[in-house]
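One structure is given here, and the rest of the page talks about it.
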Amino acid sequence: MNQFSAEYSPQEIHMWFERMQYHDSTESSIVIAVPSSFVQDQIEQRYARAIEDRLLEISGSPIKLEFHVQRAASSPRAQRSSAQLVREEQQEASASQESSRSAPRLSVTTAVKRPHPSLNQRYTFDNFVIGENNNFAANAALAISKNPGTAYNPCLVYGGVGLGKTHLIQSIGNTVYQDIDNAKIIFVSAEEFTNDFLNALREKQTAQFKNKYRYADVLLIDDIHFLQGKEETQEELFHTFNALYEANKQMVFTCDRPVSELRQLKDRLRNRFERGLNVDLKPPSFETRLAILQKKLEQSNRNIPESVLNLICSNVTTNVRDLEKALTRILAYAELVGKDITEEVARQQLKDIFVTHHQASINIDFIQRAVADYFNLTTNELKSKKRTAAIAFPRQVAMYIARQITELSTTEVGLEFGGRDHTTVMYACQKIENKMKSDSTIEPMVKRLIRDIRESNAKG
Ligand SMILES: Nc1ncnc2c1ncn2[C@@H]1O[C@H](COP(=O)(O)OP(=O)(O)OP(=O)(O)O)[C@@H](O)[C@H]1O
């Protein structure tokens, strides 16, 4: 390391080199122990190539640098949460940055930059309210943004409409963009990726296309369910995926359902998506909905009575975008018409948004009531934890019907049946499908129930 001291500042040596320890070696590699993935990533990006070049000079044969993350079990540092560690290391990194020379590849930056051209500046972690429905996904996204290309790669965030998927992956992009100089961040919807690819084919510019996507440091693709049935684009994404994965570049995708439920997706691409961390976003609880509205009010420096906030949160339950829409409308009304916002005004102005949400929930209520009546049970029994055959089978029928005639995902159906997991719903649907094949009485029964439910729903 002596030769390095002439080239690097004392701060850099203290910050990075003194945190490396010899761990192991083979003929062609040296394994270095480091205290965290973040340190590993930084060393890889800043110095690995220079160290490997120096090792080649000294030994005359290529020696690869490998890393082993080793946290001291008993140190107070090790007892802190990984999020705290990431934060601390990030702060230390920023502090040491001032005195470090500019790195040849990616390096941490402290200056606030101009917005990224394809990212919405509003989509940041600061603006994202974390509740029980999204804390796993939000913390994963936060960890990725501090340490791209390491622990959670690839990551797939899935969930229903308007629950914050785009907000979360763009927050990753915005954070990496602000924190790391020269990081090449690509955010596209799956539709844009497809169009880009088809244009490249048409214009015979596939080499440019490959250069664009296969040299990204962070690739963010929104709404991958759009790729269903698009075999050529899937094939191209498969190769893009492999190139980035091999190069330890971060990929994050979003989808409106678990990948296992995407029907027209090639297995090998599905396997790639499933290889990393898959996290879901559920609809927010009443308290989280309230916190989201309060945050939006705070940001716009406005205020509305608590009773109106409660009214909105009680009536808009499954979609944060609609929650925002309701708030925006009521604030605009107050400003343009100059009236105080009362519960009555809110009820009047938000009638259509409220009705849409009630209709969405009526379907599943109808289904549960109709199925419970048919089997002479109560809806509470259907939603209960009881697993006796007399209840389990009707519950599976109700779940199957819910999947057939509503837009709800398996995650959402699971929530409506006492907070069950989406895999339970998938299992139930499979079970009913099998029974319909093996027992000729089942299919007519399910079809009749579906017809009755549709008719009574139409009558209102
Ligand atoms: N937890 C949250 N805190 C604050 N705002 C949120 C939260 N979740 C969602 N939003 C806001 O709700 C709106 C919809 O979110 P977003 O577009 O990210 O949803 P989505 O899941 O990508 O929807 P879609 O499936 O329609 O693409 C955005 O304006 C976003 O900022």
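Just so you know, glycine gets a Cβ as well, placed from its N, Cα and C.
Straight from TrEMBL, the features:
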- GLY162, GLY164, LYS165, THR166: ATP binding site (BINDING)
- 74-84: compositional bias 'Low complexity' (COMPBIAS)
- 92-103: compositional bias 'Low complexity' (COMPBIAS)
- 151-280: domain 'AAA+ ATPase' (DOMAIN)
- 363-432: domain 'Chromosomal replication initiator DnaA C-terminal' (DOMAIN)
- 1-94: region 'Domain I, interacts with DnaA modulators' (REGION)
- 74-113: region 'Disordered' (REGION)
- 335-460: region 'Domain IV, binds dsDNA' (REGION)
Margin query: In the three-state scheme derived from DSSP, which category covers GLY164 (ATP binding site)?
Written below: coil
Item checked: Nonlocal neighbours by CB distance (under 8 Å) for GLY164 (ATP binding site), same chain, sequence gap 6 or more -> PHE128, ASN134, LEU281, VAL320
Next item on the list: Excluding GLY162, GLY164, LYS165, THR166, please set out which residues of the same chain place their CB within 8 Å of the center of the CB atoms of the ATP site, keeping sequence order.
Entry: GLY159, VAL161, LEU163, HIS167, LEU168, THR254, LEU281, VAL320, ARG321
Notebook entry, point to check: Near LYS165 (ATP binding site), which residues of its chain come within a Cβ-Cβ distance under 8 Å, counting only those 6 or more away in sequence?
Noted result: VAL157, TYR158, GLY159, ASP222, THR254, CYS255, LEU281
Notebook entry, point to check: Under 8 Å Cβ-Cβ from THR166 (ATP binding site), six or more apart in the same chain: what's there?
Noted result: TYR123, ASP222, THR254
